[in-house]
Amino acid sequence: MAFNFGHLLIAGLVALSAVSSETIQLQPTQGILIPAPLAENIRVSRAAYGGYGAAPAAPSYSAPAAPAAQAYSAPAAPAYSAPAAPAYSAPAAPAYSAPAAPAYSAPAAPAYSAPASIPSPPCPKNYLFSCQPSLQPVPCSAPAQSYGSAGAYSQYVPQYAVPFVREL
C-alpha cells in the first residue's frame, strides 16, 4: 500500500481530535516505558507542585556519612620530576595575506519606464453597446414638447445594427 500525504493528513487529524477531545488517564496497573532520568524529573516536579493531591516529597538528597575512624595512609613517596627540557619555539612562519579581492558592485538597476501603452480599438458606431452617445443635445432654444418628453434632447431614435454571428 502506497503512503501519501493524504494518509498523513488523516492520521494527524484523527490524533489531534483524540488529544483535543479528552485527556488520556492511565490506570495504576497500566504503564509506559520512559527513561529513568525523565521519570525522576517527573516525580520530582509532581511532588514539588503537589501532584495528585499528595504532600510535596522531601528532597532525595542525604548528606555523606562521617568517617568512622581515622584512616591510615602510608607516608607519601618522594616526588620526582624530570629536569625541565629547554624551551624550544619553532621559527615564525612568514606572514602571508591573500591578495585583496577586487571591489564588486552590482549592476545599476535600470531606470523605470512606464509600459508601452496599448492603443484602444476604434469605437464602433452602430453596435448595441457603443461608446458613442446615442442622445444628441440640441440648442436650448428648442421648446420642450411636453412634460414627459426628452427636454433638451432631440427625438432622434438611434437605429442599432446587431452584428450577425453564425455558429460553426
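Using N, Cα and C of the backbone, Cβ positions are placed for all residues, glycine too.
Because the structure is a prediction, the values reported are computed rather than measured.
Positions annotated as signal peptide by Swiss-Prot, on the basis of sequence analysis: 1-23.
The annotation region '8 X 8 AA approximate repeats of P-[AS]-Y-S-A-P-A-[AS]' is assigned in Swiss-Prot to 52-119. Note on the region '8 X 8 AA approximate repeats of P-[AS]-Y-S-A-P-A-[AS]' (52-119): its mean pLDDT in the predicted model is 66.
What Swiss-Prot lists as repeat '1' is 55-58.
Positions annotated as repeat '2' by Swiss-Prot, on the basis of a curator's inference: 59-66.
Annotation comment: Swiss-Prot describes 70-77 as repeat '3', evidence class a curator's inference.
Under the heading repeat '4', Swiss-Prot lists 78-85, citing a curator's inference as support.
Per Swiss-Prot, the feature repeat '5' maps to 86-93; the stated evidence is a curator's inference.
Marked as repeat '6' by Swiss-Prot on the basis of a curator's inference: 94-101.
What Swiss-Prot records for 102-109 is repeat '7'.
According to Swiss-Prot, the feature repeat '8' maps to 110-117.
The domain 'VM' annotation in Swiss-Prot covers 117-154.
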Completion exercise
Summed over the repeat '6' (94-101), the DSSP helix, strand and coil counts are 0 helix, 0 strand, 8 coil
